[in-house]
Amino acid sequence: MGHKIYAYLDERIRISSLMGFLLNEPMPGGSRWAYIPGSMVFFVLILQFITGMMLAFYYGGTPDHAWDSVNYIDHLTYNGVGVGRLIRGIHYWGSSIMVIAVGIHLLQVFLWGAYKRPREIMWLVGVVLLGLTMTASFSGYLLPWDERAYWGTIVGTNMIGLVPFVGEAIKDAIRGGVGLGALTLSHFFTLHTMILPTLFILFVMLHMVIFRRVGPAGPFSGSPEKLEATKDTFYPRQVLMDAFGMLGIFIFILALAILHPPGLESVANPSNAAYNPTPAWYFDWIFELLKLIRPEIVGVVGLPVLIAVVLIFLPFIDKKPVRSPFRRPFAVLSTLFVLTAMLVLSLMAENGYKKLVDVDRAAMLRGQTVFNTAGCMGCHTLFGKGGKIGPDLSEEGLVGHSVHWLTVQFVNSKAHFPDSIMPDFTYLTPQQQHDLAMYISSLGRMNWPDPTKTP
Amino acid sequence: MDKEVTYRVGIPVMGVRGESLGRLEKVLLMESRHQVTALVVRSLDSMHILPLDRVTELNAAEIRTNVTPEELHGFPVFDPTQYEEVPPWFFPPGHHIELGALVTIKPLDVREQGEEDALTRRAFMGRSVAILAAAIGVSLLVPIGGYIMAAATTPVKDSWRDLGVKLQDLPMDEPVSHSFRAFSVSGWMRVPEERSVWLIRHSGVSDPQSEPEDKILGLDSPLELANSDPRLTVLSPICPHLGCEPQWHKGQKLFICPCHHSIYQLNGKRIGGPAPRPMDQLPVRIASDGSISVIYEQFAIGIAAKKRLA
């Protein structure tokens, strides 16, 4: 049967010739594990496409529905399996892994000297794809429309606004107005789900077409005769290695999605000026660097321009044909320097962020009972209900108080605020104080009502 | 291992008497059989296909055949559209043919392990790739299937609703379309919705039209059987044919659907038109003070059975 279909198609669309072209690509020096990063990027991109389409199935791209729809996805279960959270988790972690895979791919091409003549154009197309990847992660950040998304995008777009002369206009064009609102969200949604995927498809195709025109660069050492003698075809050995790599990366993303599902903070609240936004981890180093560079404008404009200029002009400046990293000490040392700097800056940035309490779910639920029975709602407001004497606690978990600070606050609030009128809840047992602190730390961060269970 | 030999495209092809027939131009093969079938020989005036069984000797410097120059012209002329690239499994161990400068194919497997082994190895690797791809595909498609089905199979949650009307306030033997507010739920959204039911208060149990047709035909579910009242029939406003809303025609004392003219009696019995079943009776409870509660069930459209949408 399969044979007949194959023969039928072969006669009409010459499928064997096509497959031969795709699979019998000659690889000088033979197949290697070192050649899989490009395929890994491609695989994660496909994964993002598929899970992204799935998320769009249930996503509502307006400020009054976006958060609710993401919370709905988080609660979608089928036969007891949290499929919604899983799909969102794959997309969420997929974006991080994609950035890593793109970074590894770029680094390898650089160290292998594979961007040199005649592969300069392929390198440039790759630089465009890097930009698309970064734009995709930036635009996807806003879509859940929670506090992190909103304030992160406020800062990100404000940075664009600092660019001299045109910045303000570009910022307003991106936001669809002066402020961040409904048009910003639909702009970002359109960018993220229509414009970027289209550009991705075009540039990935271009990348691959050029790749097949010039062929793989192959190893950086070895005589042409030796490479010729050890030549292999793409199929089956390299394809098998790629497939193993894809399975590995898939399991890794799946594990992250299951063990560390993405969070959802409380819905974007433009009046919560106390919110302390942090960027996605791969922008940490830029975040830290911008704090060091003064005046600010130099960093905001200079840094991306510098990165773009270096990447774009690299193959045209570095024209020596020598490819081995062992004979390019400057290239290798500067790579090491940049990587170390990025790592140190990222660690510094992470260190500077307020650590939110790692909430223990069981303790949080016990603490909720304590909260409801101890009379907290008499003075405090929670999600629109309760008293007005004390502060609103709806987003208290995002403030970043430690468990210790909170327990002191329960039993002796004057230690923090001398004028505090809050009663001292000294009758709470240490266990209850701890549980209550866990519950307070969860507020605005998790434990949202399940919209699939309507009353 | 044999000494490596390269046959270049362009090497002379010799005839039976040692005279030149032309030069090797291309190699033709039957891909489905994994077999080289013919060589294309370029003579001075044209190209001819030379079957491989006429080749007597392959030699790095030349190819010898048992064909005469005159005979060569009897072979079919090469049709360029038949040309295929040479696949890697073609070459005998220790040998390969270079097709011009750009395309050189010399598979590792064939050279090192002989053709038989190489094909097994190749097939094994191909199968492994298929298994890995299937593993990824299935473990991605299964959650996606669940993800799509999770919303599709969300149960319709309907509960008892007090209609805010009392039995004693209803007219006798005259259907009343009673509207009430409800919510329709889709995903994360609850949208307020106006719904209506037909309320038919019966003057006497003796009235032949007081017994709902659903009950007579045995279409009711246990929920509807357990919650019915001889004093009142509640009918769904939705026509079981295609979902329009039948209207009560006072003069004729009939429900007539405006879309396709399905006609029903007071108790929901279909007496004309394309509808597959009577109008659907809904579960009803009447409290001691006469207040009426119903469950607004919805049923599959267009079938004879009264199948509740879950």
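Quick reminder: no glycine exception, Cβ is built from N, Cα and C everywhere.
TrEMBL annotations: computationally assigned, not manually curated.
As the structure is a computational prediction, the values presented were derived from the model and not from experiment.
Here's what TrEMBL has on this protein:
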DOMAIN    A:5-220  domain 'Cytochrome b/b6 N-terminal region profile'
TRANSMEM  A:33-59  transmembrane segment
TRANSMEM  A:90-114  transmembrane segment
TRANSMEM  A:121-143  transmembrane segment
TRANSMEM  A:195-211  transmembrane segment
DOMAIN    A:224-348  domain 'Cytochrome b/b6 C-terminal region profile'
TRANSMEM  A:239-259  transmembrane segment
TRANSMEM  A:297-317  transmembrane segment
TRANSMEM  A:329-349  transmembrane segment
DOMAIN    A:362-444  domain 'Cytochrome c'
Problem - Contact ranking winner - A:33-59, A:90-114, A:121-143, A:195-211, A:297-317 against the transmembrane segment (A:239-259), Cβ under 8 Å - result: A:33-59
Practice task
Determine which residues of the chain contact the transmembrane segment (A:33-59) at the Cβ level, with the cut-off under 8 Å and only residues 6 or more beyond its ends counted.
Solution key: 27, 66, 69-70, 72-73, 76, 84, 87-88, 90-91, 94-95, 97-98, 101-102, 104-105, 108, 136, 143, 189, 192-193, 197, 200, 204, 216, 238, 241-242, 245-246, 249-250, 253
Practice task
Write out how many residues of the domain 'Cytochrome c' (A:362-444) are helix, how many strand and how many coil, based on DSSP.
Solution key: 43 helix, 4 strand, 36 coil
Exercise for the section: Write out how many residues of the domain 'Cytochrome b/b6 C-terminal region profile' (A:224-348) are helix, how many strand and how many coil, based on DSSP. Expected result: 89 helix, 3 strand, 33 coil
Exercise for the section: Summarise the model confidence on the domain 'Cytochrome b/b6 C-terminal region profile' (A:224-348) as a single mean pLDDT, whole number. Expected result: 90
